[in-house]
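Copied over from Swiss-Prot, here are the features:
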BINDING   LEU308, ASN309, VAL310, GLY311, GLY312, GLY313, LEU314, GLY315, VAL316, ASP317, TYR318  substrate binding site
MOD_RES   LYS126  N6-(pyridoxal phosphate)lysine
Amino acid sequence: MCPARLRTPRTASLPTHRRSAMTTANPLNTSFTSADAAELYQVPNWSGGWFRVSDKGLMEATPAPGLHASLRAIVDEIVDRGESLPVILRFPQVLAGRVKHLNEAFQAAINEYNYSGHYQGVFPIKVNQRRAVVETVAAAGYDYAHGLEAGSKAELALCLAQKMHPDALLCCNGFKDDGFIKLALWGRTLGKNVVITIEKFTELDRILKQAKALGVKPAVGVRFKLHARGSGQWEESGGDQAKFGLNAYELLRVVERLKEENMLDSLVMLHTHIGSQITDIRRVKVAVREAAQTYAGLIAAGADLKYLNVGGGLGVDYDGSKTTFYASMNYTVKEYAADIVYTVQEVCKAREVPEPVIVSESGRALTAHHAVLILPVVDVTGPTRNLEDQELTVPGEDSHQIVRDMYETLENISMRNYRESYNDAVGDKQTLHNLFDLGYVTLEDRARGEALFNAILRKIAKLIQGEKYVPDELEDLQKVLADKFICNFSLFQSLPDNWAIGALFPIVPLDRLNEQPTRQATLVDITCDSDGKVEKFIDLRDVKATLPLHEPGDRPYYLGAFLMGAYQDVLGSAHNLFGKVSEAHVTVRPGGRFNIDLFVRGQKARRMIESMGYEEPMLRDAIEDQADAAIGRGTLTQEQEHELLEDYGEELLGYTYLEYES
């Protein structure tokens, strides 16, 4: 990670833009409060109590009762230290709190139903392999014997090095070669409770062969393809066509094969999984019932299973709607735990088999809440910004007739004719462009006409705001008129799921939340890619096309993208060679105070370039050779060469994102 920069970077203050009366997206409500902002951005619905809007209009982290810290204050402290943005804020207390919340939910259900077994969670590190995340989960889960799950050799090597409770599970999932299996078996000799999951039938003989060669008795689990499927975007992960797992015939063959080897007692776990982010609790109950019946069937076949692993899928309510929408979930963690415990117990009692240790592989639900991506707004563009007053004055006789027609449309818009006015404006704009292409309209008239068109749309938008019925052709008007807030980040690096699968994340300003937002906006990143934009935002009833934001002023304006701790850290791509962003690990203290315990600087430009096969000395030599040639041609002086090489070297060692001098 990068060393500290020599200069002091700051987020640039935004220019104050001139606006006509028609550019305000919402009528100003002078009684707007922090409570209104909390409702507007749905903070109580998605935050789970880990974040809140304060009475002073600040977004705060609230990792425990009585603890709170302003995110704006944390970011200001980072900037004051001379560090660069963007940055991810990590709250280990929130992460530890999520581990506790999950385990206590299952324990409460076990107590309520007098369940004779117990619960052991497993964290699949593929969700976030960052050291701070894995070590925090392992430490917070130690007293609960909360384990880890690895799906590759690299992940297994990482997991084996962690300090874990002796009873904590280390589940080895995914496809395996001999090296993977050997490493897992060596883990058992280290005292780790390693269980190797059979994902396909042919893996069984590999496991038996390596176990005999090493003289280590394996503990084996078997993944079963449930007929039941999940809900939401990952529904296809389950069912008969699932990527992983054995069918019923293969499951029974595993039992027979282990009997032949006199090793049936090595089969300790049944593993099932119906997909990530399950939105509907009914799907969970159906799947758990099928899994429990399968468990009972294996017991009847002679297996002495200890664990029933119901897999992952515990969701996160990203939009706060508490529905079966793909970005939500219609249940709580408490309900999830209670339904699993109750269903397993009901089946076991009916089939008269022992109640197993219940295992779940929850990752998203543990990690999502702990991380916030800070998005510095560096500029704003939009169809109604930077319009000069004279552009909306009465066109002169030298203006083309089409421009004068558009001005007349603007002047005469009313509730009675706004639809007709809109259609006239659309037609006039098309005519304007056609005439320009033919050379009959000047560039100045085109600029006036486009400004008038945008003013017409803005006026119509104000007229129909709050109307119960809006004509179909005007439904997207707000999106068309929206500002584009340019944010200093890469969507592909830091919000990859938004780009790849349309995932929604709550986005909220860090401060000014006791002021009513007056702009409707979409967000764009700083990559040279048209896909680098956020145009869908959470809403209680639907997906919003725009996000209400404030007019930026002289003070830097920051947005927070919340629930960022699951998958985003590990799925990001190096598009345009934008690297991993910096991260601050923050502990919240009493009295609104906080400590930045660790600051990890984001990736250097040099590191990103070297990842593509280049070497820094080679690059420096190439630039120096070109500079020497330029001196020979007389286009560069020796003094300029020194400055050029210094600047080039400084940028190689610098952050890949935009930096501004204070």
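Note: Cβ is positioned from N, Cα and C throughout, glycine not excepted.
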Around the Cβ of VAL310 (substrate binding site), the count of other Cβ atoms that are within 10 Å: 26
Residues that sit under 8 angstroms from VAL316 (substrate binding site) by C-beta distance, when 6+ apart in the chain: GLN277, MET329, ARG364, ALA365, ALA368, HIS369, LEU563, ALA566
Integer Å distance between the CA atoms belonging to LYS126 (N6-(pyridoxal phosphate)lysine) and TYR318 (substrate binding site): 20
Rounded inter-Cα distance in Å - LEU314 (substrate binding site), the residue listed as 'N6-(pyridoxal phosphate)lysine': 15
Nonlocal residues around GLY312 (substrate binding site), in sequence order (Cβ under 8 Å, 6 or more apart): PRO124, HIS273, GLY275, SER276, SER360, GLU361, SER362, GLY363, ARG364
Three-state secondary structure, GLY312 (substrate binding site) (per DSSP): coil
Integer Cα-Cα distance in angstrom, VAL310 (substrate binding site) to LYS126 (N6-(pyridoxal phosphate)lysine): 17
Between LYS126 (N6-(pyridoxal phosphate)lysine) and LEU308 (substrate binding site): CA-CA distance (Å): 21
Number of Cβ atoms other than its own within 10 Å, given for LEU308 (substrate binding site): 27
Which of LYS126, LEU314, TYR318, the listed recorded positions, has fewest other Cβ atoms within 10 Å: LYS126
